[in-house]
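Accompanying notes for the structure given below.
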Amino acid sequence: MRKVYGDTSKNKKKLNKPRQKSATIPSSTPLQPGTRAPDFTLRSTPDKTVSLGEFRSRPVILAFYPADFSPVCGDEMALFNEILPEFNRFNAQLLGISVDNIWSHLAFSKARNLGFPLLSDFNPKGSVAQQYGVYRQGDGTAERALFVIDGDGVIRWSYVSPIGVNPGANGILAALESLDAKEEK
């Protein structure tokens, strides 16, 4: 029986209600399963970059999120950090991506003791989020979006959660299990 990795909020009544997309925030269409994932190179530290292409031959999880230090983002990234061993079981690399700058990422990662890279989609702002169809033009942030990419660079699963809702990790784990089952055949 698989564990349920969902919302980590202790008091669900206090969970922020999802914001409705307004006319000022045009909705975009996230890339769908079966689409080749656009390659990118983003900074993970002031002197280090990470490219999607570095991870060819293994699954990659892209976790776009709106902002460092926001309550839901903090809970979401902490949950992913807690279950890194589950992701590692599938040899999957987790990459967190937001439009925050490097220094914000470094402080957030240190404060949350995160064991995976946070990539800065800061300059030009949101360019990678735009390529994946998950940039919120109206408020200049990324959607809360998840993508599972196979070892050939093809998106196999994607999900966009309402901004105020932690999507949990069950969808990611199911997608990784599906990839694993295909490889075993």
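Cβ atoms are placed via backbone N, Cα and C, with glycine included.
Automatic, uncurated: that is what TrEMBL annotation is.
Here is what TrEMBL says about this protein:
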REGION    1-45  region 'Disordered'
COMPBIAS  11-20  compositional bias 'Basic residues'
COMPBIAS  21-32  compositional bias 'Polar residues'
DOMAIN    31-181  domain 'Thioredoxin'
ACT_SITE  CYS73  active site, cysteine sulfenic acid (-SOH) intermediate
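Averaged across the domain 'Thioredoxin' (31-181), the predicted model reaches a pLDDT of 97. Within 10 Å of the Cβ of CYS73 (active site, cysteine sulfenic acid (-SOH) intermediate) there are 23 other Cβ atoms, across all protein chains.
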